[in-house]
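Asks: The region 'Disordered' annotation in TrEMBL covers 1-26. As annotated by TrEMBL, domain 'SLC41A/MgtE integral membrane' applies to 127-282, 363-490. Positions annotated as transmembrane segment by TrEMBL: 168-193, 226-255, 276-293, 299-317, 329-351, 357-380, 401-426, 432-456, 477-501.
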Amino acid sequence: MNPQSPGNPRISEESESFNSPPIPLNPLAALDGKYTSYLNGDLDDEEDDDIADQGSRALLGSREGTRGRERVAKFATGLWPQIKGIVIESAPTLLLTTVGLLFTGELLDQVSRWRAMKEVDQLIMIIPVVLNLKGNLEMNLSARLGTAANVGELDDPKTRRGMILGNLTLLQVQAAVVSFVAAGVSLILGLMIPKMKGVQAKIDVRHPPVRIPLHEEGRKSGFPELIMVSATAMTAASLSSLILGSFMCSLIVVCRHFGRDPDNIAPPVASCLGDLVTLLLIGATSTGLIGFIHTPLPLIVGLSVVGVATTCFFLTRRNEHVRELVKEGWSPLFGAMVISSCTGIVLDLFVSRYEGFALLAVVISGLPGSVGSIFVSRLSTALHAAALPSSPAPYREPSPLVVMITLIVITIPVEIIFLSILHGLGWLRLPFVFVAFSILFFCCAVTASLIIARALTNFLWKRKYDPDMYALPIHSALMDLIGQLLLVLCFEIVSLLGVTIHGKS
């Protein structure tokens, strides 16, 4: 991103007289300032001028002469081929990520039984906070690079190298900060937990909850434990950022090379793999450090991560593509954490009341959130690219409504397959009445996700905030909360009908 991207308070007003055409759903549908379909056709002229002023200074230093439209135009020549592309790219991704989230929940259950988690209370408490914050970082990365790919920024090797390296160093800085915050949150919870009984961990609603181990006689939560928890969180977050950041960058470059739209693929993958890899690294790191908890090793490891993050900070500040991003996007990350705490309250209240609540929460919260992240990423790309100089021949674009309907239709089979997996594995025995109501409320959740995605993206853009930095964390947290509430409503209605759900014995 250059210094003139949305969200930068120093944007000049030089080009207020520039008239922007309405914004298309897909950034590639432009010619001579005329667009074949519109993302925001109801904007008045004054808002259009503001959007034009921002769009012309688009994300990641977009410049004139981009080749993004030229390349992708070869692969999208009509309405149905584009809808087919959305289905082919999104459906397998959503199915795999949903199954991945389910097994991440199983991994979470196993990790919670490891020695380190049993001996140091804050380690289990740190998991939901780290997963929430780290998942949002990876989704933001995928959205930024997806936009850069679709507007042609990644076509130039030198620019591509600078953007990827800059985003990887930025990710290290962000990971160090959010993991340290997570350690602080775990310390606060550690001070509160002795006064509570039977406390369920506020795990992200995409995962089954894990019971926080209560203090037992002889167990302590002192300074060595705090250092060990901080070192574990920061090390796991740093390694996860390196591994996942590199993978996501490679995935987006490969998508670009083969003419696939990374906006349809990257966000759900980032969310799923972010949780899985980070959780695995937290377990592995804590296991490695638990034997040295009363030695200087955890402190040395933690300081080493701080040193790496500091170096990355200065490298990020020197990188023209990402230097301004260091100051942006923090408020939605921590705002999302607050919203997630409300979701945790809902989880605590109902997870023991309803059989299978946690397992079903994986799909009714996680899948609509993933679908919404795809839509946010697509809309953000369109907004950033809309004001770029027009080029190549136009072609018909699907309207926002068509894209929304397509995404809803895609997710219904995924939901049915997910419920079939739960039934086939014997994890839950689901009556037909419950299946019918769960699919109905699932469709409501997906519809709400897409509506919120569009409204939130447009709202942020109008106020000169970059949706790639601000939209996904808030959207993800809201959908977790809405999904939980809809699932509670589903259980209540089915219970009134006298239907019960049985788990595996």
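Cβ atoms here come from the backbone N, Cα and C positions, even for glycine.
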Asks: If we call contact 3 or more Cβ pairs under 8 Å (sequence gap 6 or more), are the transmembrane segment (357-380) and the transmembrane segment (477-501) touching?
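Replies: Yes, since the transmembrane segment (357-380) and the transmembrane segment (477-501) share at least 3 Cβ pairs closer than 8 Å, they count as touching.
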Asks: Same-chain Cβ contacts of the transmembrane segment (432-456) under 8 Å, 6 or more residues past its ends?
Replies: 360, 363-365, 367-369, 371-373, 375-376, 379, 400, 404, 407-408, 411-412, 415-416, 419, 467, 471, 474-475, 478-479, 482-483, 486-487, 489-490, 493-494, 497, 499, 501
Asks: Provide the three-state DSSP residue tally for the domain 'SLC41A/MgtE integral membrane' (363-490): helix first, then strand, then coil.
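Replies: Its residues divide into 104 helix, 2 strand, 22 coil.
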Asks: Using Cβ atoms and a strict cutoff of less than 8 Å, what residues sit near the transmembrane segment (226-255) while being 6 or more residues removed from its termini?
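Replies: Result: 116, 120, 122-123, 126, 130, 134, 137-138, 141-142, 145-146, 149, 154, 160, 164, 167-168, 171-172, 174-176, 178-180, 182-183, 186-187, 261-262, 265-266, 269-270, 273-274, 277-278, 281-282, 284-286, 289-290, 293, 298-299, 301-302, 305-306, 308-309.
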